[in-house]
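One structure below.
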Amino acid sequence: MVQDRKVLDALDTAKTQWYHFTAVVIAGMGFFTDAYDLFSISLVTKLLGRIYYFNPASKSPGSLPPNVSAAVNGVAFCGTLAGQLFFGWLGDKMGRKKVYGMTLMLMVICCLASGLSFGSSAKGVMATLCFFRFWLGFGIGGDYPLSATIMSEYANKRTRGAFIAAVFAMQGFGNLTGGIVAIIVSAAFKLRFDAPAYRDDRAGSTVPQADYAWRIVLMFGAIPALLTYYWRMKMPETARYTALVAKNDKKAAADMARVLNVELVDEQEKAAAATAAAAEEEAARREQYGLFSREFARRHGHHLLGTTVCWFVLDIAYYSQNLFQKDIYTAVQWLPKADTMSALEEMFKISRAQTLVALCGTIPGYWFTVLFIDIVGRFAIQLGGFFLMTAFMLGLAVPYHHWTTPGNHVGFVVMYAFTFFFANFGPNSTTFIVPAEIFPARLRSTCHGISSAAGKMGAIVGSFGFLYAAQSTDPSKTDAGYPRGIGVRNSLFLLAGCNVVGFLFTFLVPESKGKSLEELSGENEMEAEPAAATNSYRQTVPDSGQSE
């Protein structure tokens, strides 16, 4: 239908404006909160073990039993997976805006509830913590398809990749803030309630007030989400959803007039009657295939396979490293042995290590993607990222014993940081961006939800599997309660193999740089464009300014 074609053309050629940047902040703050909530748990798991699983007869500080640790670390991912599928589907059925506020409020409530976890026993506290973190993950899951879809549908085609990447890049600041908050909280508590090392005083090394420290860290995640709730509710529905799915061209153009300087003119009213028949015919053609149809499989089946597999294997590698950075640091002696520190000191040093990696390896990679994705393209960045991640992981794994010898620990951390850099300046960003671009509008949120859910399945495999796989091959050196594993070195080989799989499946995903969403999804092929309405719309800014 020509009206929505004109709406979409106006969106694709619209000049980059202030509202685009506002949308990045509004959508990006959700990802800031997402990253903070998902990664902050790794900063406090050692502290949880010391508080709730203390054994005065043990020579080592208390630690979470394997099943409890797996649940605490992985339950939010289970919720995220479910949320991605549910809210992705709901975003296509009800509209992006209507669902957007639900996810944010769920995140706020469950952030606060996680910090208020209660119970008369250690199991009780862990059970309530896991319950609230599951629903926290459920809300976080909804943010993935909705934020990506909203940003892709607002942006013009020349800078669309950079804007979606900027939304995702807020994860880096979420990680960094998680580390900074944990550093401040642990340092403040340590200053006020200093304690001896565990080997000097087993019971006294964990002060009772430490039970407040982890709660404060988890609850802080509610603040940025709460601050952006009002602005999310003020965002209009995306014009692409209104025009292509709700089929209300007049409202789509009116919404654009509010935020993107594009308005409806009287001629549209005159053209509406003349194009009604064409609109009905086109609508019927658009609805001729659904997600599970042969036509979808023919047009987009290989695309969906590529996006899901790439995100799945990427998250196995990415999240297993992120969640267990502290274990790798300990293995190379970058962190002191646990019994030489008090509980709060251990939390401080774990947080400091994660903050350093976020600052040096994580954040730069995200913003390199923002700068180069509309120049180099999605395909090249993803392919190169998988290749270099493989190379650096093999560089860590092959001479692993060299890296663990005295004097080489800094080199290990540098290599490890480069692995994160090329994950973020690579597939960790592009696997989020591409599914928001290549599928039809009526299935865009659903397909992004499916792709991101595959990623979270990989995160579950990484977070649960790595707990066991990375244990030492020497039974005497495993963590309490864990069976013998394959060791960190062999685990790195496995993760490198995952990256090779991602490299190969990248070839199923099309390049989307510089193309309109309708061109990528094939919706252009199904459009009838009556000549009578070619001038239905006009832009309020001069044509000469629409070069971005």
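Note: Cβ is positioned from N, Cα and C throughout, glycine not excepted.
Membrane topology as recorded by Swiss-Prot puts M341 and N428 on two different faces. Long-range contacts of the transmembrane segment (99-119) within the same chain, counting only residues at least 6 positions beyond its ends with a Cβ under 8 Å from a Cβ of the stretch, are 30, 33-34, 37, 83, 87, 90-91, 125-129, 132-133, 135-136, 138-143, 146, 150, 215-216, 218-219, 221-222, 225-226, 228-229, 232-233, 235. Ranking 24-44, 406-426, 450-470, 491-511 by CB pairs under 8 A with the transmembrane segment (70-90) puts 450-470 at the top.
Non-local neighbours of the topological domain 'Extracellular' (120-123) in the same chain are 52-53, 68; each lies 6+ residues outside the stretch with a CB under 8 Å from one of its CB atoms.
Note: the topological domain 'Cytoplasmic' (427-449) comprises 19 helix, 0 strand, 4 coil (DSSP; helix = H, G, I, strand = E, B). The average pLDDT for the topological domain 'Extracellular' (185-210) in the predicted structure is 93. Proximity of distant same-chain residues to the topological domain 'Cytoplasmic' (145-163), defined by a Cβ-Cβ separation under 8 Å and at least 6 residues beyond the stretch ends, is recorded for 11-16, 19-20, 23-24, 27-28, 30-31, 84, 87-88, 91, 96, 99-100, 103, 235, 238-241, 260, 370-371, 373-374, 378, 432-433, 435-437, 441, 444-446, 448-449, 452, 512-517, 548.
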